[in-house]
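Just below is one structure, and these are the notes that go with it.
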Amino acid sequence: MVGDEVIRGVSGGERKRVSIAEVIATQAAVQCWDNSTRGLDASNALDFVRVLRKMADEEQKSIVSTLYQAGNGIYDLFDKVLVLAEGREIYFGPTSEAKQYFEDMGFECTPGANISDFLTSVSVHTERQIRPGFEEKIPNTAAEFESAYKASPTYARMSTEMDAKSEKSLSDEVDNLFAVRHQEKNRSLQFLSREGSPYQVSFVSQVRTCIRRQFQIMWGDRWSNILQIFSALVMALVTGSLFYDLPDDSTSIFLRPGALFFPIQLFAMNKMSETTASFMGRRIISRHKRLSFNRPGAYALACAATDVPMTVVLFSLFQVVYYFIVNFQREASHFFTNWFVLILCTLCFASMFRMIGAWCKHFGLASQITGWTTMVCMVYAGYLIPVPSMPVWFRWISWLNPATHTFEAIMATEMGDLALDCVAPQYIPFGPSYNDNQFRSCTVRGSTSGSSLIDGERYINAQYSVYRAHIWRNAGILIGLWIFFAFMTAVGFEVNLHTDAGSKILFDRRSRQKQMVRAADEEKGGSSPTSQDVSPMSLSRTVFTFKDISYFVRHGGQDLQLLRGVSGFVKPGQLVALMGSSGAGKTTLMDVLAQRKDSGRIEGSIMVNGKPQGISFQRTTGYCEQNDVHEPTATVWESLLFSARLRQSHTIPDAEKQDYVRSIMDLLELTPLQHAIVGTPGSGLSIEQRKRLTLATELVAKPSLLFLDEPTSGLDGQSAYEICRFMRKLAASGQTIICTIHQPSATLFDAFDVLLLLARGGRTTYFGPTGKNSATVIEYFGRNGAPCPPDSNPAEHIVDVVQGRFGTEIDWPQTWLDSPERESAMSELDVLNSAESQDKDQVSSSSTTSDGLDQHTGFATPISYQVYLVTLRQLVALWRNPDYVWNKIGLHITNGLFGGFTFYMLGSGTFDLQLRLMAVFNFVFVAPGCINQLQPLFIRNRDVFETREKKSKTYHWFAFVAAQLLSETPVLIICGTLAFVTWYFTVGFPTEASVSGQVYLQMILYEFMYTSLGQAIAAYSPNAFFAALANPIIIGAALINFCGVVVPYSQITAFWRYWLYWLDPFTYLIQGLLEPVSWGVEVQCKSDELSYIPLPSNSTCGDYMADFLSSEAGYVVDPANGTSCAYCPYTTGADYMRTMNINDSSYGWRGVGITALFCVSSYALVFLMMKLRTKTTKTAN
């Protein structure tokens, strides 16, 4: 697996080679490579350029490349070199003449230096070296360099060569390129490929290839697919058991539509994850579009095509279990019609949600639209509100709604030819005195007066306006909607796909203005203190040793050894280079030494000042990882001050910490960027600036030991030199530093005191001093059979030798084990351990370090201070991420208004009582959209915490969770208030403060409850897509199912009724919302809501129904009527509430109180999930 910054995969160098191979596979006639050797060691970088050289020679490719820190071996492979300064051309010509050109101008190239570094240094005043006597003659500005070049013979020769290329010859070459392209396109179905298209294969071939790739991705992400299969089975079992074995009589007449509706709702919620998925691979789609691999539309259609087999498998598993548990009609035609229509519905929702993601540039907006669309589709599916009862101004939604067409089709299939016996309580009146069925009536709509049979087709016609003749019409509509959504997804990706055009830096406006004012005041008042006034160097002197380090991970059921007996030491003031080829285990060793591994097994010993690594080791050491991970919404100043406040001792005054941060910023030249937003790669700080920020983040913690993982990777020669110069300065002050490094020039390599060289398999091939001009290392390898040529870069040479590139058969790890250098190093290591142990024993009574840090605690600050700072940072992050806040607010307003006008000004009929329940139930559907929006943000923050801040013991996981919860509080209160105002009064609920206040409080509590539930799911999920898949299981199959709305309490299966119903927080949520607005309603049945009962002769309505009304709810309209009796089932809303198991008016406030308790328990669940996920790091045994 390739992996990424969070998912474990191949090493960084190997991942870079995958990217290079991907582009080489295009076989483009013109190729541009922008710093493509970043992250590769010198040998692999040389191999890559050799491939480019071979393509240029043998295939006549035109290749342009920018390379950082290119060695002479790489430089010599190019024909020409272009040198720029401030956007001006200061040299373009043969690579073999460039060095001499600038030397003739008066500059000096030191022996053994990389020519590329020499060329880039000539315009940098602090780095260039001038030959004696030329100080006044050399150019100093970019304009002077340009003028000198244009006056040179080289410029004249290059101009002549370019002029020699006549217009006709250039035209012929372009025609040849078009001919080659035409030949390539003829290999496939050219007639399907638009003339002039940059794509080499037809659109059909692109779709076919993308389908194959999607299946490969599905296999690579099979754990997500396993979760989907598991969730389908769980939902089938749980939901099916809720409707277990429906009887063939009138008691199931209201449950069957619910049982048919639930698969629609569950799979609609399940497919909401497609919106999240549509953003996860967007960078890859953009890159493939730029490289003309395939159109984004081909990817979209491939996703729609690969949905089919996965949906068939998932729904088939669900259908086989659910259909027969519920006891639907056991006819093959019914089963497969139901199966086919629901599969079409699921495909429609998958494509619809993917379409929403394709047309949105930001996930927050897409999440808002997805949540709102889900609510609309469910409300207007025809179940919660039958189509005849929908408000006329929104009825058109049902025509475009896949859920409506699905519900109508499966309802007509299941109930269209069903005949049910009408029994009590639907067959009234009932009781000992009512035995003559001719004087009883069925209350179910569509039933025949005086008959005890219910005709299913008449019922669905009267109640839902559903007709059997529409089954296959609706299936055709679903197919059309699926194709339409898939097509619009393709169009959306084609026209809306965008990438950041380049790096841009945003500044915090207020802080920037204050900085400019201060700068102006300082200019008027005199100079300000410089960085030299405050020494940023750590005074801690640490001896770090490690002996016989081995590291094992479980792979394929057995232990795989990645490190084999690695030993070494670092003394104060030493700068140690850790080198090796890509995949040799450099980063793995750094992780082990820095105590950053939380899996696997470590053997060996690691000592700090002669003592084992203690609990304070992680917070007292700095570790700059290869990937620069930072809070993207923070400024540079805020990032550094945050680290200093939490990692320096709490006893140090805050003013002193701020002064120290300023000194570090001055030292790393970050002061001009102190109010710049960190951002993300491509939209924020540049790669080099992020590297400096990463280093500064660790330095402000005053670490006793500093680990740097490839700090110069991706930097140009000057930036790399500045980083190494700064590391050298730190080491000179007594700082202990271990650093992995790729492609160092001879000058950079000479800055290191000690070298630890690893071969593949994590085996040591050398550990010891480098010597002046690398003499010691060169002597060791030369003595053992691999002499270094005079003009070679020693760093590149030794890596090449260890990799066996010069054909030597020497086993270098074994050579090292047998060498006197190893014996000497191990002896010194033992001496250091014993000497330091004795020294530390003499001062062991002190439990604090020199800067006041307690050595026996894991963190430098108390937990309350951590919670305060992390919460403050998160509040600032939300303020600077308005899309998240505004989209959440927008979702509540749109849901509130839409729900309010859907249930506009409800009356007091019996159906209005049901609509009151549905209006409350509709509010519940604000949760899925908000949860899908908050989970990616929570997981992004968690990844930052786990990747960097947890491992450095910046703050405790408890503080992280508490900050995530507390920072959401103001937003949740605002959202709940807006939802209440837009929804409550529009529906026409009571305006008394005692009623509206209770509902408002319950709505606010629900905001906190669903937020904590969503965060609890996210806390343990590996990624946002996984969390989106888990949501329907917990929220849909568990909470919504058993709250007593769809299935009344009395009809819930006994197994669930006596425990899960009472443990479901939604049970009490509904009670707290429904009771105050329904209990005291005086019911006035409308004419079509009355049941008419024929009366025996010589009897009045009041007399005949007296026994029945003495034990049952309801009233008769005209007690004196002697012909027929008009019966209304409810007298007050309390009668209806009792059918919902709300048996007393106190249940409302009881529901509010229990909901508050569930909020507390839900927040506790977030802490528990994070605790279960947080693993302790491994230490050497």
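A Cβ is built for glycine as well, from the same backbone N, Cα and C atoms used for every other residue.
Note that TrEMBL annotation is computational and uncurated.
The transmembrane segment annotation in TrEMBL covers 223-244 (among others). Remote same-chain residues near the transmembrane segment (223-244) are listed as 255, 258-259, 262-263, 266, 270, 310, 313-315, 317-319, 321-322, 325-327, 1022, 1025-1026, 1029-1030, 1032-1033, 1036-1038, 1041-1042, 1047, 1052-1053, 1055-1056 (criterion: CB distance under 8 Å, separation of at least six residues from the stretch ends).
Residues annotated as transmembrane segment in TrEMBL: 297-325 (among others). Sequence-distant neighbours of the transmembrane segment (297-325) (same chain, 6+ residues past either end, Cβ-Cβ under 8 Å): 203, 206-207, 209-211, 213-215, 218, 225, 228-229, 232-233, 235-237, 239-241, 243-245, 263, 267, 285, 288, 335, 338-339, 342-343, 346-347, 350-351, 354, 358, 482, 486, 489-494.
Packing against the transmembrane segment (337-356) from elsewhere in the chain are residues 263-264, 267-268, 270-275, 277-278, 300, 303-304, 307-308, 311-312, 314-316, 319, 323, 328, 366, 369-370, 373, 377, 402-403, 405-406, 409-410, 413-414, 471, 474-475, 478-479, 481-482, 485-486, 488-489, 492: each is 6 or more residues past its ends and has a CB under 8 Å from a CB in it. The annotation transmembrane segment is assigned in TrEMBL to 337-356 (among others).
Panel annotation: around the transmembrane segment (363-385), residues 257-258, 260-261, 264-265, 268-269, 272, 275-276, 278-279, 349, 352-353, 356-357, 394, 397-398, 401-404, 406-408, 411, 464, 466, 883-884, 886-888, 890-891, 894-895, 898-899, 902, 915, 918, 921-922, 925-926, 928-930, 932-933, 936 of the same chain, lying at least six beyond its termini, place a Cβ under 8 Å from a Cβ of the stretch. TrEMBL lists 363-385 (among others) with the feature transmembrane segment.
If you look up TrEMBL, you'll see 475-497 (among others) marked as transmembrane segment. Same-chain residues lying 6+ beyond the ends of the transmembrane segment (475-497) with a Cβ under 8 Å from its Cβ atoms: 282, 285-286, 289, 295-301, 303-304, 340-341, 344-345, 347-348, 351-352, 354-355, 358-361, 400, 402, 405-406, 409.
Per TrEMBL, region 'Disordered' is recorded for 517-536 (among others).
The compositional bias 'Polar residues' annotation in TrEMBL covers 527-536 (among others).
Annotation comment: TrEMBL describes 544-785 as domain 'ABC transporter'.
The region 'Disordered' annotation in TrEMBL covers 828-853 (among others).
According to TrEMBL, the feature compositional bias 'Polar residues' maps to 843-852 (among others).
Sequence annotations record features per position, and here TrEMBL assigns transmembrane segment to 913-934 (among others). Below 8 angstroms of C-beta separation, residues 269, 272-273, 275-276, 363-364, 367-368, 370-372, 374-375, 378-379, 384-385, 389, 884, 887-888, 891-892, 895, 899, 902-903, 906, 968, 975, 979, 983, 987, 1003, 1006, 1010-1011, 1013-1015, 1017-1018, 1028, 1031, 1035, 1040, 1045, 1066, 1069-1070, 1073-1074, 1077-1078, 1081, 1083, 1130, 1133, 1136, 1140 of the same chain, each at least six residues beyond the ends of the transmembrane segment (913-934), sit close to that stretch.
Here TrEMBL flags 955-987 (among others) as transmembrane segment. Counting same-chain residues at least six beyond the ends of the transmembrane segment (955-987), those with a Cβ under 8 angstroms from any Cβ of the stretch are 646, 858-859, 861, 863, 866-867, 869-871, 873-875, 877-878, 885, 888-889, 892-893, 895-897, 899-901, 903-906, 916, 919, 923, 926, 930, 934, 938, 941-942, 945, 949, 996, 999-1000, 1003-1004, 1006-1008, 1011-1012, 1015, 1019, 1163, 1166-1167, 1170-1171, 1174.
Sequence annotations record features per position, and here TrEMBL assigns transmembrane segment to 999-1021 (among others).
Through the fold, the transmembrane segment (1033-1059) approaches residues 231, 234-235, 238-239, 241-244, 251, 255, 258, 261-262, 265-266, 269-270, 917, 921, 924, 927-928, 931, 1010, 1013, 1017, 1065-1067, 1069-1070, 1139-1141 of its own chain, all at least 6 residues removed from its boundaries and within a Cβ separation under 8 Å. Residues or ranges marked as transmembrane segment in TrEMBL: 1033-1059 (among others).
Sequence annotations record features per position, and here TrEMBL assigns transmembrane segment to 1147-1168 (among others). Long-range contacts of the transmembrane segment (1147-1168) within the same chain: residues 958, 961, 964-965, 998, 1001-1002, 1005-1006, 1008-1009, 1012-1013, 1015-1016, 1019, 1065, 1067-1076, 1079, 1137, each at least 6 residues beyond the stretch ends and with a Cβ under 8 Å from a Cβ of the stretch.
The domain 'ABC transporter' (544-785) scores a mean pLDDT of 86 in the predicted structure.
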